[in-house]
Amino acid sequence: MSDQPSFQSTPVRPTRQPSMATPPHRNPHQFNGRGAQPNGHNNEETYPQDSAVYGRGYPSQGAAYPAAGSPSPFAPPLPPMAPSPQYDDSFRSSPAPAPGPAVDQFGGYNTFADAGSARYEQDVREPDQFNGPGYISPSPANIQGAGLRHRTGESVSFAKPNPPFISGGGGGRVVGDDESMYSQYNKGWDDQASMMGGASYYGDQHMASSSTSHLNSNHYTGNGWDAPGGFGGGHEAIEMQAGAPGYPPDTYHNGGHPNFPNPGGYGFGAQRMPEEQNIGAGWVGLAAPGTVLAQAQPRHTHAGYNETHERIMRRRTVKKLALENGNLVIETPVAPNICKQNQSKEFTHMRYTAATCDPDHFIAQRYALRPWLLGREIELCIVLTSYNEDEQLLVRTLNSVIKNIAYLTSRTKSKTWGLQGWTKVVVILVADGRKKADKRFLKLLQLMGVYQEGVMVDHVNDKPTVAHIFELTSQVMVSANGSVEVSQCPIQVMLCLKETNAKKLNSHRWFFNAFCAQLKPNVCILLDVGTKPAAKSLYHLWKAFDNHPKCGGACGEITVETGRGCWQLVNPLVAAQNFEYKMSNILDKPLESVFGYITVLPGAFSAYRYKALQGRPLEAYFKGEALHSGAVHGGSFLGNMYLAEDRILCFELVAKRGEGWLLKYVKSARASTDVPDKLPAFIGQRRRWLNGSLFAAIYSTWHFGRMWTSGQGFFRKLLLQFQVIYSLVQLIFAFTGIANFYLAIYFLFSSATSDDKHDPFGGQGDSVLQIVLNALIAIVVVCLILSLGNRPQGSNLAYHAVVILLALLMGVALYTAGFTIFIAADAAGLTHLSGWTGDNILQLIKLDSFRDIVISLASTYVLWVIASIIHFEPWHLVTSFIQYLFLTPCFVIVLAIYSMANTHDLSWGNRPAEPAKDLGKASTTGGKDGKPAQVEVKTTTANDAAELWQSAQREMAVPRVEEKEHRAPTQKAADEAATFRTNLLLIYILVNAVLVLFFTSSYWKRFVGRKLPGSSDPYMAALFWSTAGLSALRATGSVLYIVFRIFGH
């Protein structure tokens, strides 16, 4: 088969053009059929390759060829044609047949090579009587599909076959042929037991016109017999017409006819796979799912790949290629280790596009993606964004995505999915910066066939390449050590390797405004490399949109990757984050889902309906890219707000005028992700989160009036209005968090040490209280100094000392609270094992020390336990609750101060890179005197691709050499941003200091003693009761979510 692209030079799908170009003049008596490749081809032991030619017929000198419309091979034969003086492989357009083995229309090759004057028998005989000249015996050992099925407009040539020209072939249906997915036809019998020969059973489904049929004689010219013993038909010219491609039904995985050897199957002599394998047995792939194609080879050295790479890069050949609509597009073969030559080009050739435009102009510049050219309707578009993640994180995410797609193909009763469901899913990997991309990350993609460095160019006609786009339908899964195995289903993979580091928003702009704008998917799923979606998670996310037409966005539950045996929970920082994530998924997300507005759909694992995003939501979302790049000056408020751009997208989606979109939480969709396990990285991450969420919350609260024009129902608008008030209260508590924590400690110690007889510190309560309060003030001052003058990486030891000291203070506070509860219970007479009455309970409730402190704490912690049990997830309470309690002051003080002190820092910690010029450029030559313009590019051959693949596979087995991280120097903030930072920090400290000084002053104590004698401090009561009320509201929302979920809402 030719290595030239099978598509025309213009990016127009077959469904958008009336037909493909008519080929040059062809003799009407010439043989143009394509036979089926039987599944027996996979069993090389029974039918060796060197003794079989599958479905490729050649005309012979003097042989007779019925016309395309001939009703039956039993009609009078046509007169023999004059032999060609020389053998010609490209006989499609030759005026006369070339000499060679005789071919009949139904039987394929004639075993009698010397039967040059063979004629068709004119009488009707039984199949086993066709043994005359020009025919072969229809026994199981020599049945073979005939000839070439020809799609007009293509030029295909084959080498002359070697005898014997017939090999035994099994039954089984075959999907795909040597050219395109458009040629996926059943082969022969229509009894779902076996399929033989070169039938065009699905011709009508993909709008292909087939030869006429002769039903009376039970023969189908070009369509084969539909009875056992029939031969696959050969003479058929297919004209591609407008319309979507047709695919075999879900039954195509049936095995072959039991009377034939090697009854077909997936791969090397395999039978039908079990249902739980999620794959049919008839798909012609590499091998059965899970078959290891290449084992890891740990004994090879690291230097092998570098030497091979340098040698191949030096010997690359220069080729002249025509530009497609002014764009450089190269289709180069992948390594034969991961494909078969008889498969279509989407499996065997990697398509490379050098994009030199902005993503917003991708369609206007007439760039085209392979799924669009194939006319496929895309249901799911999955984007995986990365910066410099390693191969371990890529394997975790990509292989999980492949397994999720395989589950979609297993849903054979679904109207949307089924065995061909993988054709409706596109996985797009966007890497942010070629120079920043991890080398082993790219080598792993090279083993999948998606990446080849040798075809890239950095300039096309002096225009710098902005993104390198690689496309392939891969059939393998790769492990981090280089082991390669056959995947459970094919996966349409696209790698967008951006030339420079332009940040995550730019990666999403490539995804939404370039790729999705052309593919028009129904649902878009956003993942970060390193996030591992659980089995069936992507299906559950998609199902939320399928069940709820007004669902504009959804997210699942993000869990913390705790490692094998949960060993990572030994790290208190990881355990505390695990508890925080769990409680957010139990309390916050369900409550917001009941309202219909989830304030943030995490970019690491979320989904959106593409239709809902179009217009203002995406325009507002991508405004942050212009702000961060400096193209637009919006001030520090907008700059910090767009650190949480996903919150802005959620608000704009729900507030979209007249649409009425809702956001939902899908508990059954889960994904695990790594969290920072070191304190400096944790502080840096939360700085972006806290600053972004603070300013985004202010933005959404200020513009809450847009909810009333969003097209929601009146009751839904009331719920959304109530949610805005709830968010405002939380915003106030977050802004005054340090003061409230200080005052809670103050009131707790003051109450516990007010009575010398029951002092938890043996009469030294006042001294302990002063030490604790002074320590808190000192910690706040230290955190301020560290936040203003140092990065966390440069003050690692100091931050660890602060966190340990805060944990000790929290431990003292918990001891004091427990002692207070014991004293209150003893005063009410409840410390004895017997004699309890209702009066004892009432007496306990009347005690201020118990009512204001204990009820507040119980309303928080007890509700956590109850909500966790209702959701059937209590284990985090056992493994992570204690760690979270002791690190709570760190969340409240250290993270809050550092984020407020660094509102001037709007970066993600990435450095911009200059455009590279190390790949070579493609320059136009020619284009004069009516000749098309061409470019000269250096490309690799199929042998080069195979050699690089094997070398990369060996190197992946060598463990990664850990390199010490080199920290980049911090950049100074602009004067305006620094001034904004200082003013905001002063206001923040002033508000909290005023609260502390006022409510701890002697004036306030005298006021309470005079106006409220005998009662506890009213501010403390208000603080604790507010905490209890907010916790109760969250728990109520969590319970309502479970109730609505049970009833299908």
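Positions of Cβ are set from backbone N, Cα and C atoms, glycine also.
Residues or ranges marked as compositional bias 'Polar residues' by TrEMBL: 1-20 (among others).
Here TrEMBL flags 39-49 (among others) as compositional bias 'Polar residues'.
Look at TrEMBL and you will find 73-83 tagged as compositional bias 'Pro residues'.
Model confidence over the domain 'Chitin synthase N-terminal' (316-379) is summarised by a mean pLDDT of 88. Per TrEMBL, domain 'Chitin synthase N-terminal' is recorded for 316-379.
Annotation source TrEMBL lists transmembrane segment at 689-705 (among others).
Taken from TrEMBL, the feature transmembrane segment covers 725-749 (among others).
Among the features that TrEMBL reports, transmembrane segment is placed at 769-789 (among others).
Feature annotation from TrEMBL assigns transmembrane segment to 801-825 (among others).
Positions annotated as transmembrane segment by TrEMBL: 853-872 (among others).
Taking Cβ pairs closer than 8 Å, the transmembrane segment (884-901) reaches residues 572-573, 575-576, 579-580, 683, 686-687, 690-691, 694, 734, 737-738, 741, 779-780, 783-784, 786-788, 792, 799, 802-803, 806-807, 809-811, 814, 981, 984-985, 988 in its own chain, all 6 or more past its ends. Among the features that TrEMBL reports, transmembrane segment is placed at 884-901 (among others).
What TrEMBL lists as transmembrane segment is 985-1004 (among others). Under 8 Å from some Cβ of the transmembrane segment (985-1004) lie the Cβ atoms of residues 735-736, 738-740, 742-743, 746, 784, 900-901, 1017, 1019, all in the same chain and six or more residues away from its ends.
What TrEMBL lists as transmembrane segment is 1024-1047 (among others). When Cβ-Cβ distances below 8 Å are used as the criterion, the transmembrane segment (1024-1047) is approached by residues 586-588, 590-595, 665, 667, 726, 729-730, 733, 852-853, 855-856, 859-860, 863, 866-867, 870-871 of the same chain, each at least six residues removed from its ends.
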Remark   = Spatial neighbours of the transmembrane segment (801-825) not adjacent in sequence (6+ beyond its ends, CB under 8 Å) are 679, 745, 748-749, 751-752, 755, 758, 760, 768, 772, 775-776, 779, 782-783, 786, 831, 844, 847, 849-850, 853-854, 857, 885-890, 893-894
Task = With a Cβ cut-off under 8 Å, give me the same-chain residues at least six positions beyond the ends of the transmembrane segment (689-705) that come close to it.
result = 599-600, 637, 640-645, 647-648, 651, 655, 720-721, 724, 727-728, 730-731, 734-735, 895-896, 899-900, 902-903
Task = Report the DSSP secondary-structure composition of the domain 'Chitin synthase N-terminal' (316-379) as helix, strand and coil residue counts.
result = 14 helix, 21 strand, 29 coil
